[in-house]
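Colleague: Could you have a look at this structure, given as structure tokens, before my questions?
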Amino acid sequence: MSPPHAKSPTATLRITGIATVLSSQVFPYRGKVITSVETRAPAFRQALFVAVTAGLGYGFDSYAVNVYGLVLPEIKKTLHITDAQAGYIGSIFLLGYTIGTVGFGLAADRWGRKTTLGASILLYGITTAAAGLTTNVAAFTGLRFLTGVGGAGELAVGAPYTAEVWPAKTRAIGVGGVIFSLFSLGYVLAAGVALLLVPRFGWQASFLVAIVPAVILFLVRQGITESHRYTAVQTTTQRPAALWHLPGARRRVAVGWLVYTANAVGYWGMTLFLTTYLVQRFHATSTEAIRYALVFFLLQAVFVFVGTALADWLGRRPSAILGALIETVSTVLAVTADSRSDYLIVGAISIATLGWLWGVGDTYIAELFPTAVRGSGFGIAVGGGRLVSVAAPTVIGWGMAHYGLQAPFLALSGIWVLTVIGYLLGPETKGRELEDLVDDALL
């Protein structure tokens, strides 16, 4: 069966309706106002290649991100740190994640999607491996910060890049499903490596091996092409667009902040201490806790496709709001579960639904901005949510120390009301070409 766009290989980037606004405020065109740019959409195979390579990078980012939480019980022993101190390190990592999200988003609009993705993976691959070579708390913390800066580029660039090349009809599956499912599997890979290497060689080995996939994927990515939409826009402009000059941009950024504050705070608050929670609450061994987490994230990879398929069928807003309701209920049930068996059921649903919400959210925010500022808009919108999430590990760690294991996670279940508000404030983008959304974005 032919891909959805196979019958019409030429896509027109329609800037009509906003050409006057853009030419006077944002885009100084060479001699005249350009009302349309003809560009040939890539073959579906190339679009899939972009999505998979972006997703693999995001997956290895997931490895670099989550390996810390997975082996945290062992790291605490080696570095002689408390739960609260572990939370501080997690927050410093997320500070780097926030800076990298905005920085790489801006860089993607300035230097292109392909180049910035290459820089991202090299930075976080090298710093993750280097963190496995130190037992100094300050050095380890600094390297985790740099890992956050580099790793953030994978989503900040990969999601807008894939949105620009994937067919509109199934864009949520391409951007959210393919990319975030590989993020979930990156956690599974980290868990598998932790189970195989940590008992024999210590937690440091799980950090050191990160350099291998980073270098391999960097080389593989040399075969991808630059976004056709980005290239077309660059040929019609003399200087970068100014995001804040676009009418309505602030509303779109605010929607992104709401959606991603819930996503980021909910995700990091839930997952960073997942294995620690299992060990302390249900007396699981470190190995058992990692195995349980591995299964949770395998289920998450499935839920990503459930959520994004619903987003392509019913719409971004109904899918995300349904996911937020499921997440809230399952989190409360998981935190109040008294037995390990009960927790493993509802806890798995809670962790899995995080993938649903991230997959839909990544797609939605990438659709909110015109091509010329898509990287910047996505980076600033997602970065705003990630900025709030910087406090999540510290607050959760502090709450565990002062109020017990359950109270912080119970409080965390309320964060998903922001998801509902964010999607209700934003437009529906299901099935629409990115160029058709430009006028909406400026209202």
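Count begins at 1; order follows the chain as displayed.
Positions of Cβ are set from backbone N, Cα and C atoms, glycine also.
Because TrEMBL annotations are produced automatically, they should be read as predictions rather than curated entries.
So TrEMBL lists these for the protein:
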type	residues	note
DOMAIN	47-430	domain 'Major facilitator superfamily (MFS) profile'
TRANSMEM	47-68	transmembrane segment
TRANSMEM	88-109	transmembrane segment
TRANSMEM	121-139	transmembrane segment
TRANSMEM	175-197	transmembrane segment
TRANSMEM	203-220	transmembrane segment
TRANSMEM	257-278	transmembrane segment
TRANSMEM	290-313	transmembrane segment
TRANSMEM	343-366	transmembrane segment
TRANSMEM	378-401	transmembrane segment
TRANSMEM	407-425	transmembrane segment
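In terms of burial and nearby residues, how do these features look in this structure?
Modeller: Counting only same-chain residues 6+ beyond the ends of the transmembrane segment (88-109), those with a CB under 8 A from a CB of the stretch are 65, 68-69, 81, 116, 119-120, 140-141, 144-153, 155-157, 160-161, 240-241, 264, 268, 272, 372-380, 382-383, 386-387, 389-394, 397.
Beyond its flanks by at least six residues, the transmembrane segment (203-220) meets 53, 56-57, 60, 63-64, 67, 70-71, 74-75, 78, 118, 121-122, 124-126, 128-129, 131-133, 190, 193-194, 197 of its own chain at Cβ-Cβ distances under 8 Å.
Taking Cβ pairs closer than 8 Å, the transmembrane segment (257-278) reaches residues 66, 68-70, 72-73, 83, 87, 90, 94, 187, 284, 286, 288-290, 292-293, 296, 320, 324, 327, 331, 350-351, 354, 357-358, 361, 364-365, 381-382, 384-386, 388-389, 392-393, 395-397, 400, 405, 408-409, 412, 415-419, 421-423, 425-426 in its own chain, all 6 or more past its ends.
Residues 70, 169-173, 175-177, 180-181, 184-185, 187-188, 191-192, 194-195, 274-275, 278, 284, 319-320, 322-323, 344, 347-349, 351-360, 363-364, 430-431 of the same chain sit 6 or more residues outside the transmembrane segment (290-313) yet have a Cβ under 8 Å from a Cβ within it.
Sequence-distant contacts of the transmembrane segment (407-425) (same chain, six or more residues past either end, CB-CB distance under 8 Å): 251, 254-259, 261-263, 265-266, 269-270, 277, 316-317, 320-321, 323-325, 327-328, 331-332, 334-336, 357, 361, 364, 395-396, 399-400.
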Colleague: Which whole number is the mean pLDDT over the domain 'Major facilitator superfamily (MFS) profile' (47-430)?
Modeller: 89
